[in-house]
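Novice: Mind looking over this structure? Questions follow.
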Amino acid sequence: MAPPRPPARPAPPGAPGGGPVLIGVILPDEARFAEVFDDRVDVELFPEEETVISRAVAKRRTEFATVRHCAREALAALGHPPSPILPGERGAPGWPGGVVGSMTHCAGYRAAVVARAADLASVGVDAEPDAPLPDGVLEAIARPEELDHLRGLPPGPNWDRLLFSAKESVYKTWFPLTRTWLDFAEASIELHPDGGTFRARLLAESPAAAGPPLREFHGRWLAAGGLVVTAIAHTE
């Protein structure tokens with residue numbers, strides 16, 4: 001698969017409803033997104049969603065509701081009416097038929113990205129604070145060649161956190177295609193500091209039912225506003 005092309009149009013002036021744009025800068029034209037930088041307290045959930053979140057603490061409930069607000073905003077841009085978005089197998093969001101998508105949330109940020117399945121095969125996005133990983137996490141998620149790669153990178157964002165985010169986006173792209181688990185060690189990431197891109201070599205065998213073997217994903221990344229975000233838009 002060829003690396004993703006840069007956006008064909010300038011970055012949009014703001015997210016739906018106004019405000020800065022973060023994830024939209026690294027998405028292809030086929031994708032639609034919505035993002036917010038604080039929680040929404042006025043989100044109405046569908047009864048099915050209320051059931052899912054009924055036992056959650058207030059913080060988790062607000063997070064759950066806000067990211068679904070983003071998802072419905074993004075779906076509206078594709079022409080889809082509001083509908084429940086329920087967690088399915090391994091927590092993956094249940095999108096309407098004919099739609100692929102991904103959601104992410106971290107402190108101070110919530111976002112959802114969707115696209116027509118006719119345009120993209122799968123999408124994975126992740127956002128993280130631009131801060132070092134807690135002690136011991138890097139060693140738990142990184143392969144030896146990735147540790148060597150990080151040591152050779154120039155000063156920039158917290159590369160360890162960006163590596164973690166890229167691996168999260170890899171998994172979110174992989175799972176809808178294969179319906180199988182992918183361990184951190186089963187993807188080898190190479191970050192490209194100059195172009196804001198990355199390459200993921202997939203070291204696990206994808207099921208035959210997933211179609212042609214999945215060997216690589218190519219993604220983009222951005223560091224801004226105290227956050228790092230990564231996105232993969234897979235077209236094959």
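Yeah, the Cβs are placed from backbone N, Cα and C, and that goes for glycine too.
TrEMBL entries are annotated by machine, without manual review.
Straight out of TrEMBL:
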BINDING   ARG60, ARG68, THR104, HIS105, ASP126, GLU168, LYS172, LEU182  CoA binding site
BINDING   ASP126, ALA127, GLU128  Mg(2+) binding site
DOMAIN    48-115  domain '4'-phosphopantetheinyl transferase N-terminal'
DOMAIN    122-202  domain '4'-phosphopantetheinyl transferase'
Novice: According to DSSP, how is the domain '4'-phosphopantetheinyl transferase' (122-202) divided among helix, strand and coil residues?
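Specialist: Across the domain '4'-phosphopantetheinyl transferase' (122-202), the residues distribute as 36 helix, 20 strand, 25 coil.
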Novice: Quick check: with ASP126, ALA127, GLU128 left out, which same-chain residues have Cβ atoms within 8 Å of the centroid of the Mg(2+) site Cβ atoms?
Specialist: THR104, CYS106, TYR109, VAL125, SER165, GLU168, SER169, LEU227, VAL228, VAL229, THR230
Novice: Among all protein chains shown, how many Cβ atoms are found within 10 Å of the Cβ of THR104 (CoA binding site), not counting that one?
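Specialist: By my count, 25.
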Novice: Please list, for the domain '4'-phosphopantetheinyl transferase N-terminal' (48-115), how many residues fall into helix, strand and coil according to DSSP.
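Specialist: Result for the domain '4'-phosphopantetheinyl transferase N-terminal' (48-115), in helix, strand, coil order: 29 helix, 17 strand, 22 coil.
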Novice: If you draw a 10 Å sphere on the Cβ of ALA127 (Mg(2+) binding site), how many other Cβ atoms land inside?
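Specialist: I count 25 other Cβ atoms within 10 Å of it.
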Novice: In the predicted model, what is the mean pLDDT computed over the domain '4'-phosphopantetheinyl transferase' (122-202)?
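Specialist: Mean model confidence (pLDDT) across the domain '4'-phosphopantetheinyl transferase' (122-202) is 98.
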Novice: From the Cα of GLU128 (Mg(2+) binding site) across to the Cα of THR104 (CoA binding site), what is the distance in angstrom?
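Specialist: That separation, Cα to Cα, works out to 9 Å.
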Novice: At a 10 A cut-off on CB-CB distances, which of the binding-site residues ARG60, ARG68, HIS105 has the highest count?
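Specialist: The residue with the most neighbouring Cβ atoms within 10 Å is ARG68.
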Novice: In Å, rounded, how far does the Cα of LYS172 (CoA binding site) sit from the Cα of ALA127 (Mg(2+) binding site)?
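Specialist: A Cα-Cα distance of 12 Å.
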Novice: Using CB atoms and a 10 A radius, I'd like the single residue among the binding-site residues GLU128, GLU168 with the highest neighbour count.
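Specialist: Going through GLU128, GLU168 one by one, the largest Cβ count within 10 Å is at GLU128.
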